[in-house]
Amino acid sequence: MDNSTMTMVNTTTHTTHDTGDNAWMMTSTALVLLMTPALAFFYGGLVDRKNILNQLFLSFICMGIVFVQWVLFGFSFAFGPPVSPGFGSFGWAVLRFGESENTDYAPTYPLLTYAAYQGTFAIITPALISGAIVGRMKLIPYMIFIFIWSTVCYDPMAHWVWGSNGWLKHLGTLDFAGGTVVHILSGVSGLVAALILGKRSDYDPRSTAANNLPFTILGTGLLWIGWCGFNAGSANGASGLASLALVNTNAAAAAALITWVVIDALRGQVSISGACVGPIVGLVAVTPACGFIQPGWALFFGVVATCIIYVLLILKHHIRLDDTLDVAIVHGGGGIVGAFMTGLFCEQSVNPSGGFDGAFYGRPVQLWYQTVGILTAIGFAALCTAGILYPLSWIIGIRLAKEDELEGLDLTAHGEGWEVVASRAVSDLVKKILDNQHNPNEMRESGTFELHYTPSDAKRKPFKVNLSKPQKTSDEQMNSPTINNP
């Protein structure tokens, strides 16, 4: 049989599906799922040393919490048989579709594949929020927040924009792969969460606390790769439209990377962290537009979005906003820029079945439709996030105790970070002790400095530095201090 016409039979409903489309959508599902651990590495490399394990965990746990919710009722609530332009239903709860296999969502491949694909979007969206609240939110309240937020915020917004009868979709708001649903929603939610939690106790806007930039570079590369499935998979099949989205995705990211590096160079120093943030900005900005614009405009998206976000990040330090990893600006701001520019440069000839002409092509009303979508996402995200976090704060508390915050969540929440956290501190402290003992003209009292392990472990003896030192005479060498590490 010719591969181009190969089909498979669904044994439940006896409908035929295109195996090529299904293979591409399953591949895209894996690529987008990869983006969540990639995000963990991206974020983990940028936070301070005492919170690296916690930051990895905050992204990783979303893969469990959100996908369970998605299977139970989340997909049905977002995409199920509609009961109104505002909400889906629970008719597809636990992914039981009955005879409803042929839908607007997956006309050429199994609806179950579409559910899995959209589930990966639902996973990474709340994971993005974690970058705004580094090192100051309790773990259990965070997990509760993720579950509730996914239900009351993400699922309805996904229905409004992508649902078969969603009101923003019918209005004419264009969002090919998640500029409003994913990035504006998570960016604004991160901002509101950061404001409600308040600044970190040791917050310093001048600090560059990145502990492992190779982690961040690895995360950036994996995010870039995964974004190919994120955007091109949103073409809903292995088609020419998917190819266009793929090219536009890479074009915007590449242009943004070069733009960021050039700006850095003009300002005197090219930063590695900036070179990682740049392509992310381009990817965010082109996400709502990648299936509606020509590749030349994708390059333009990358350049413009990078210039705007670069300036906003500079201004952010003057207002002392403790959005730790700049989620509000990079994702919220990048999503807003991309969604608005979509209304300028979208072209119906690029996507006849789902696109419209934008203002640049003689249809300025599209800017209004995009603005409605942007404002809806901003307002709804802020309302939902505040409506969840304030009650959680009153009921169980969401902010860490100051001493736990200063010690770091790796130790206080996970009990596994002492080796990473202590290594540099111990090294610096011992070096200072040894340096101070090399003064030959100073008498010192005897004593022992002890470092006890945290969390406490009765089987491990404390790290000791012997501070005793005999008085030095003019005819003898001072004995070197003894360091004992049982």
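Each Cβ is built from the backbone N, Cα and C atoms, and glycine gets one as well.
TrEMBL annotations:
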type	residues	note
TRANSMEM	23-44	transmembrane segment
DOMAIN	23-416	domain 'Ammonium transporter AmtB-like'
TRANSMEM	56-79	transmembrane segment
TRANSMEM	114-135	transmembrane segment
TRANSMEM	142-162	transmembrane segment
TRANSMEM	174-197	transmembrane segment
TRANSMEM	209-227	transmembrane segment
TRANSMEM	239-263	transmembrane segment
TRANSMEM	270-289	transmembrane segment
TRANSMEM	295-315	transmembrane segment
TRANSMEM	327-345	transmembrane segment
TRANSMEM	367-392	transmembrane segment
COMPBIAS	437-447	compositional bias 'Basic and acidic residues'
REGION	437-486	region 'Disordered'
COMPBIAS	468-486	compositional bias 'Polar residues'
Within-chain partners of the transmembrane segment (114-135) [C-beta distance under 8 Å, separation at least 6 from its ends]: 25-26, 28-29, 32-33, 35-36, 39-40, 43, 47-48, 50-51, 54-55, 58-59, 62-63, 66-67, 69-71, 74-75, 78-79, 95, 105-106, 142, 146, 149-150, 154-155, 158, 178, 181-183, 185-187, 189-191, 193-194, 197, 200, 230, 233, 236, 323-328, 331, 400, 405, 408-409
Cβ pairs under 8 Å between the transmembrane segment (174-197) and the transmembrane segment (270-289), at least three: yes
Paired segments the transmembrane segment (23-44) and the transmembrane segment (295-315) in contact, 3+ CB pairs under 8 A: no
Result, the transmembrane segment (367-392) in contact with the transmembrane segment (142-162) (3+ CB pairs under 8 Å): yes
For the transmembrane segment (327-345), distant same-chain residues with Cβ under 8 A (at least six beyond the ends): 128-129, 131-132, 174-176, 179-180, 182-184, 186-188, 190-191, 194, 277, 280-281, 284-289, 292-294, 297, 300-301, 304-305, 308-309, 312-313, 316, 321, 358-361, 366-371, 373-374, 377-378
